[in-house]
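Below you'll find the structure, written out as structure tokens, and then a few comments.
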Amino acid sequence: MLNLGRARTGRQNRSMSFEGLDFADPKKNNNYMGKIVLVMTLTAMCILLLNQSPTFNTPSVFSRSEPGVTHVLVTGGAGYIGSHAALRLLKDSYRVTIVDNLSRGNLGAVKILQQLFPEPGKLQFIYADLGDANAVNKIFSENAFDAVMHFAAVAYVGESTQFPLKYYHNITSNTLVVLETMAAHGVKTLIYSSTCATYGEPEKMPITEETPQVPINPYGKAKKMAEDIILDFSKNSIMAVMILRYFNVIGSDPEGRLGEAPRPELSEHGRISGACFDAARGIIPGLQIKGTDYKTVDGTCVRDYIDVTDLVDAHVKALEKAKPRKVGIFNVGTGKGSSVKEFVEACKKATGVDIKVDYLERRAGDYAEVYSDPRKIKEELNWTAKHTNLQESLKMAWRWQKLHRSGYGSSSLVSAY
């Protein structure tokens, strides 16, 4: 493309002397005039092309507002849960913008989504850090969002105790940036991804939405602080807010298109399902279960495991039910706990591998039982967990793991599904 601005500047700064022109020579004169005509013709053609170009003339489809809630910003949409949420939204005919800095997410997941939904105006990916307020403001300025699903966050309890400031910055501070920018640009719906870690060590089970929030680690504390900011802001705002506190997430897309692919350097902080799969694949020698003397059915900790497909369904239902000036807070779980021993046995059956297990002393800070009371979300959002067979959820996740041994490193659409 011609740099028209520079061409004009150069012509203005150059001294125009007529002494070198021989007007008495018609050949020289015609040659000079021909060059002028050629330059003028090329300039006119460039201007015409620029005016006709959709890049210059037509605004992006993502910058246009449409009736209703049609365009959703998914922060952290390249991550495990966020990518599954983006997939569901796209299947439900929403337009989706994913914003992710890829510190924990996978570009491969975005590429899969782009292959599945190649139509113009359906999906766009923007590489950005939510901690950069100027970048976030620019994104909101150039796009007409109807709602935000805010997943982006570091999310390992163990890591949060080692690097607490990282968690307060990434979760609490970044949520403040998102909320301020939403308010500045009139985006009126927020679906916030929170956690049962905000409850800490409840004295009574099951956990309801009224259970006191007394988090015991920086991850839970950072999430609760973010919740408090959102709730304080909502008191004098027309924003529709839904806060979903979910429990232990497992599983993967039933059609095998997406899965969980944490970075290897973070495996020590990862979910128990990841450790089980690593043991089944021989990446680690076996599992270490810490604590067999809890007051539970078999002495090991009891947790509520929610399939990612059900979790995403809860987010979509929350989006559909969100009302201006209203705040909804919901636990997202099955309402049933499974012990660590039960989980490991289900994983052995799902993988077909007799995983070696070592039993160690209990770890400080772990609590015996954590499971939800899902009655509120059932009554108000008409949501219930459907994928409650632990072995089946693990089997689906294992199938993806076997076909993607390097995660999304060599990801492609798998025809086996």
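For all residues, glycine too, the Cβ spot is worked out from N, Cα and C.
Lifted from Swiss-Prot, the feature list:
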ACT_SITE  Y219  active site, proton acceptor
BINDING   71-102  NAD(+) binding site
TOPO_DOM  1-31  topological domain 'Cytoplasmic'
TOPO_DOM  55-417  topological domain 'Lumenal'
TRANSMEM  32-54  transmembrane segment
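Reduced to three states, the DSSP call for L87 (NAD(+) binding site) is helix. Shown in sequence order, G82, V99, D100, L130, V148, M149, H150, F151, A152, V178 are the residues of the chain, 6+ apart in sequence, with a C-beta less than 8 angstroms from the C-beta of T75 (NAD(+) binding site).
Mapped onto three states, the DSSP output places T75 (NAD(+) binding site) in strand. For the recorded site, V99 (NAD(+) binding site), the DSSP three-state label reads strand.
With all protein chains in the displayed structure included, the most crowded Cβ environment within 10 Å among the binding-site residues K91, R95 is that of R95. Across the fold, the C-alpha of G79 (NAD(+) binding site) and the C-alpha of the residue listed as 'active site, proton acceptor' stand 17 Å from each other.
Listed recorded positions: G79, S83, L87, V99, Y219; maximum Cβ neighbour count within 10 Å falls on S83. The two recorded residues, S83 (NAD(+) binding site) and the residue listed as 'active site, proton acceptor', show a Cα separation of 21 Å.
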